[in-house]
Every structure is written in C-alpha cells, then in structure tokens.
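> What follows is a single structure, and I will ask about it in a moment.
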Amino acid sequence: MGPLKAFLFSPFLLRSQSRGVRLVFLLLTLHLGNCVDKADDEDDEDLTVNKTWVLAPKIHEGDITQILNSLLQGYDNKLRPDIGVRPTVIETDVYVNSIGPVDPINMEYTIDIIFAQTWFDSRLKFNSTMKVLMLNSNMVGKIWIPDTFFRNSRKSDAHWITTPNRLLRIWNDGRVLYTLRLTINAECYLQLHNFPMDEHSCPLEFSSYGYPKNEIEYKWKKPSVEVADPKYWRLYQFAFVGLRNSTEITHTISGDYVIMTIFFDLSRRMGYFTIQTYIPCILTVVLSWVSFWINKDAVPARTSLGITTVLTMTTLSTIARKSLPKVSYVTAMDLFVSVCFIFVFAALMEYGTLHYFTSNQKGKTATKDRKLKNKASMTPGLHPGSTLIPMNNISVPQEDDYGYQCLEGKDCASFFCCFEDCRTGSWREGRIHIRIAKIDSYSRIFFPTAFALFNLVYWVGYLYL
C-alpha cells in the first residue's frame, strides 16, 4: 500500500483538473489494496496449514460410517470369500516377541507372538478416496475370519489389556489384514539322551481347523520369521540358536490340510548342571580316594568316610533327577552320576576287602605263632619266629612272611590267588602275584587313572561325536 499512497497523493494527480480521472484512480487504488490484503492473509494461512489439505477432499466420519454400512449390508460372515469358485489364499506372518521359559518336566515352552493373516475378500471392495479403513476389534466379528488354530498348543491366551490386542484393516481393493497378540504354551517333545548336552527343535504348528486344502491355502508372506532381540528372552537353561519355517500337507479322513510350522532351535546351557551336579560328583569321587592314604587300622575313619561319600552321591543323584521328566532311558547325566557312584562304592568295598583279609591274616598269624611256640618248646635250638621247610628230608628254619594259605578245597592253579604261600600253580611261580597289604598302593594308581580315562571318553563322546 505504500507505493499506491505515494502515487495517489503525487503532485501529478493533485494538478489534474479532471474529477473523473481522480475518481477512477481512487477506485482502482482501493481495489488493488483489497487484493493485496487477501493475498497476505492467504500466505499466512499457507504457513500454518498443510498444502495437501487444500488439494485433498475432507473425509468426514459420516462418510466412513456410510462405507462400512454399505459393506456389511447383505454380507454373510459365515461364508468364506470366493466360496465354490477357488480356494481362499491366506498369507501368514509371525513376529516373535519372546520365547521362554522352557519346561522340560512337562515338555512344553511358552512363546509370545504377533500373528498376522492377510487375504482378499471381494465383498469388501469399496470406492472412496480413502484407500484403507483402520478398524478396531469391534469389527472382527462382523466379517469372515479364517479358523486358524495352533495344533500343538496346550494353552493359548489372547491379550485384552487395556483393550483387545487385535487389529483389522480393509483396503479398497478388498484386501484384509487381521493381526492379534497371543501367548501360547506349546508342546515340545524333548529327546534327553544327551542331557544336559542336548539340542532341540521346538515346533509351533498352525493350520485351518475345518477348511481342507481345496478350501483354504496357507502361504508364508515372508521367507523368514522376524524375531525380537533374544537377549531379553527368559530361556534360562537354553540358548536360542535360530529358527526355520516350513509348509507341509497332512492327510486325514476329513481331507488334506496345509500345516505351517516354525521350528525354534535351542541348545542347552551346561553352566547350571556343571556347578550343581558334575563338579560335586567329581569332588565326591576324589574325596573317596583319601581313604587310600589313611592307615588301614583306622577303621572308624575309613568306614565313615566311605559311607559319607556313598550317601553324598545318592543325594546328588536324586537332585539331578528332579530337573528331568521320568523317562525310561538313560541320559548322559545318569551315566556320569552312576559311574561316579560306582567309583565311590568301589572305594568303600576296597577297604572292606582289605580289612577282611587283614583281620584274617592277623588271626592266622596268631594261630601259627602259637603252634610255632609249641614246636619251639619241643624242638631245642629253634627260633620261635621260624618255620620248618623239608628239603631232602632235612628241616631248615625259614622266617615267617606272614602270608596267606589258599582256601581249603580250592585249586590254586585256577583260583586268583591273593595269598603269599599258594603251594602250587602258576600264581605261586610269580606271574601274577598280589599282596593284600599293598591293595591301597594299587588303588592309589588304579582309581585315578580309571576315572580320568572315563572322563576323557565321556566328554569327547558327548561333546564332539
């Protein structure tokens, strides 16, 4: 307006003598001023309002209601789309929120997923500038929904807080998207032969409950299933290795059904069982070997140590079985605990054998000493602690070596002779000769060596073979 005012009150117009000219210029000036003010107001509105709002038509709530009413008018939600014409194709997609915990006792696992299904329903096509209708769960029961169910589910819960966690979208071309959030307790049959070094593939199977293959076909929308960050999952004893999906057809008396399956590969973590079972068992076995270094005459000490280690192994075996179902086969942990129990029990039996023969030796030695004393009293010049051995009809005295005699009625050639003075046979000749007094010395070498070899075979066999 500044330039217009300057022009209006310029000396040129003031000197003009024509009132008509002045009036025309005045009206023109006022008209141009109004146009400029309107242009400024429109520029201010463009700064605060999205420019597309001017181009796009405004959609009112009544228009959406009218579209829904027209779609549902005459719509029968009991009939699937394209019934009698072609199968309805259901594209499925799964987003895994979390997996766990895994319950090995009941052989099941818990999974939290968002399950999505997409299909086309020509009855839901509409003409509107709005391409998609975003609806809540109230619309779900008014249109046809696939009767999908999870085949290996023991318990399934839909989430309802704060509202039902369901979503429904309808596109103008008739495409329908239906998603919902589910928490499922699914069966997972665990093969525990290698427990606790076992690996498992837990399936999640779903299919149509009533529509066979010629009515409904399931397809994966994406080649792989998306998952959330596994580090927040409550797997505890297990580690998530990966997953894979597959499609198969099962044959039943009611028809052929398409089954969609997701396999979750899990590997068990050994940390818990190493601390709770393996290390205590190994330490208990090593503790039982302390008995070999205790004097054989310390009966209470060695007996109490052996019984304590046996009872400890029994307790460890019972605790180890509590984390397992009652399977009829032997697991890797059962084998390890059983062998450890055998080693501990063998250490106790070793002292029992040693104590028995040592006591027997002392009794026979005392009897022999009495006989020698009686003979010595009858034979002049014979040392009381010696025996007579006939050589060419000559009796020669020999120091007693406190040996054992073979049991009466036994053949020394065929009996594993553990006695010092086995009279005949190859045992007496020195091929195999075991001294009872040195059983502890033999055990100090045999038990650790045998247990080390067992551990080598056990861990290599289960971890690498």
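Here the Cβ of each residue, glycine as well, is placed from N, Cα and C on the backbone.
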> Hey, in Swiss-Prot do ASN295 and HIS355 share a topological domain, i.e. the same side of the membrane?
yes
> Going by Swiss-Prot alone, which of ASN245, ASN393 is annotated as N-linked glycosylation site?
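With Swiss-Prot as the source, N-linked glycosylation site is noted for ASN245.
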> Based on the record in Swiss-Prot, give the one of CYS188, CYS281 in a disulfide bond with CYS202.
CYS188
> Inside 10 Å of the Cβ of ASN245 (N-linked glycosylation site), count up the other Cβ atoms and send me the figure.
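Within a 10 Å radius of the Cβ of ASN245 (N-linked glycosylation site) lie 16 other Cβ atoms.
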> For the transmembrane segment (445-465) and the transmembrane segment (274-294), check the count of CB pairs under 8 Å (sequence separation 6 or more) and say whether it reaches 3 or more.
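With 3 or more qualifying Cβ pairs, these stretches touch.
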> At the level of the C-alpha atoms, what whole-angstrom distance separates ASN245 (N-linked glycosylation site) and CYS202 (disulfide bond)?
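Rounded to a whole number, the Cα-Cα distance is 11 Å.
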> Measure from the CA atom of CYS202 (disulfide bond) to the CA atom of ASN127 (N-linked glycosylation site) and give the result in Å, rounded to a whole number.
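Checking the Cα atoms of ASN127 (N-linked glycosylation site) and CYS202 (disulfide bond) gives a distance of 46 Å.
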> Could you tell me the mean pLDDT over the topological domain 'Cytoplasmic' (295-300), as a whole number?
90
